[in-house]
Structures are given as C-alpha cells and as structure tokens.
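In what follows, a structure is listed as structure tokens, so that the remarks can point back to it.
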Ligand code: PMP
C-alpha cells in the first residue's frame, strides 16, 4: 500500500504510536475492564488520566504556577466570545479590545468581539505580522488579542515571537494551530487558547491557559459552564469534560515528551518548513504570498502559477498518498499543514512530488 501522508489543516494527523496505543487500550484501559469512554469523569481512573495530562502539558510548555490550565469544550471559535465574557466583568461599559489583524482567524475574533465591546484594530496585514512599533494600541484597553499562527493565510509571529514585551497590556493569544511547536514564554500572556485538533488531539477539547489574577472577572451573563473561574475551581469538571479527547491529548503529551519535548518539535518544524519553502522558492512553477520572515512553520499555503492545473495536481498527489492538500476555500490554491505529527518523510515525499509535477508540466 502507498504510504499515506495527511496534510490536513485540522482535524489533522496524529502520531501513529498514539493511535496504536489508543487502539490497544480501547476495550480495556489498564486492566480497569472499561474503555476510557465509559468511565465516570469523577472516578479514580479518569482523574489519574486528567491529572497526568494537565501535569505533562504544564511541563511541556513550562507553564508557571500562577497559571491555570483548563480543558474546555466549544472549540477555538467559542473562545472569541468566552474571552470577552470572562474578562470584561470589571469593565462592562465602554471597554475596548485591541486586535492585531493578520488573517481569517483574527478577523473572526474581531467580528465576535464587537458583540461585547468596542474594537480597535491596532494593526492589520494578512501577508506579514505588522511591526510592533506600528501598533496603535488603546491606552487602558481591556486586552490585546492576536492570532499567533493564521492557519489559512500561513502568517506566523516569528522570529520575534518571544519578544512581545508589552508592559501593562494583557495579551490574549489564539495559538490553535502552532501550540507545542515552539517554546513560548507563557508569563508574557494573560490568556493562551487553542483548539486541540491540530497539534494536540481530537476536535472537542479546547485548552485555555490563564493567569490566575484574570479569573473572577466574568460578565454576569457568562454561561456558568464556560465561566473560567468555575471551570478552574473545579479542575475542568464543573460539568462533564470531553473525557476521551483529554485522554488522547494526554497520550500526545507523553509522545511529545518521549520525542524530546517542545524544543525538539521546534527544531523539526524548522527543518520541515525549510525543506518545503526551499522547494517552493526554487521553482517558478509555484508561488507563496507571505513575507519570508512571517511564514508559518505549520501551515504552508502555496499556489500553482497556472491554476488550471490545480485539479491535476491534487489528483496526482492523492495517487501518491499525499492527502488533503487543497487550500482553504476562501483563498484557493494549496496548503500543506505540517504539524508536529508530520514526519520529515512526509515533507520529503511532498517535495519530490512538487518537483516531479513541475517537471512534467513545464
Ligand atoms: N483559531 C485558529 C487559528 C484556527 O485555525 C481555528 C480552526 N481552524 C479556529 C480558531 C477555530 O477552531 P474551532 O473550529 O475549533 O472552533
């Protein structure tokens, strides 16, 4: 059988070892006689799974003690409402949220935030992260929201990602599509959130990492099940958490630790991205549209200069086991998502195909 490499933007490829372990444990988890799906979230078996997942994620991202990690439901998009609902309680009237607009996901966040507050777009560009010196921040803004990796456009905050020294500004970052692919200084952020279905596990789990002093500021209308303080006070079990997704996430965290953690993921991400961008840059058959300094290491959108060949390109890719390369419908073209679980061999196979297809259609 052709070896399959899955370039989906999410839900996305998971480590084979994790899937194999989940399969082996499916009917009987650790001699408990139960599948993880059948366990009470309040029983000792699931509590041990939850605690290990929390501890491993904390270790992998070096999350300081004054931050809570919440395992929620609702996906990344729900956080666009839940964050204002949870942070604006102390500023109910006339609050302003600053945004850096870098593409589709920050745009969605902006649209949702307008329901709850005034919005100021402090800087905007969809092909590069606007230089920090140009950001027009609002004095006294409730917080500053950014999407640190735009999954559709392929714009990532780097290499100055860890240079966000914004005094007196609460940073909120949507890291859905690159969390755990590079080291971050969590202490620079007020809230980090991420849907799980790219670098963490199955859809249905949403990670929220929040500094403790930001808890307890919810608007009265905030639904209780989504009140960060209630969720934190109840170790993510105010209501039933997405138990099976948390279990798989926990297996992914263990896998990441065995691989060498986030530093090793970052090294691999760089190697994979370098290989792919070099192939795209080295050919006049393809083009990319993001400024080289802000090219995402996770999501690589690219275009065939002759778009009439798109269907043939995708069909040939599929025949070689290179799946889900079609670009997002809003931007067209192609997109290769090369998350942590994508082995370098997948990128090598894609590069070989890029060269072969270009050679055949000169
Ligand atoms: N933010 C980013 C950066 C994303 O890539 C996505 C999903 N692709 C979302 C938010 C929305 O996540 P969900 O579909 O889980 O709500």
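These residue numbers are counts, starting from 1, taken along the chain as shown.
For all residues, glycine too, the Cβ spot is worked out from N, Cα and C.
Note that TrEMBL annotation is computational and uncurated.
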Further pyridoxal 5'-phosphate ligand in TrEMBL, beside 105, 151, 197, 239, 240, within candidate set 65, 174, 274: 174
Cα-nearest neighbour of residue 198 (N6-(pyridoxal phosphate)lysine) within the listed binding-site residues, 42, 105, 240: 105
Most distant Cα pair in Å, residues 105, 151, 174, 197, 239, 240 binding pyridoxal 5'-phosphate: 30
Three-state secondary structure, which DSSP defines for residue 174 (pyridoxal 5'-phosphate binding site): strand
Pairwise Cα distance for residue 239 (pyridoxal 5'-phosphate binding site)/residue 42 (L-glutamate binding site) [Å, integer]: 10
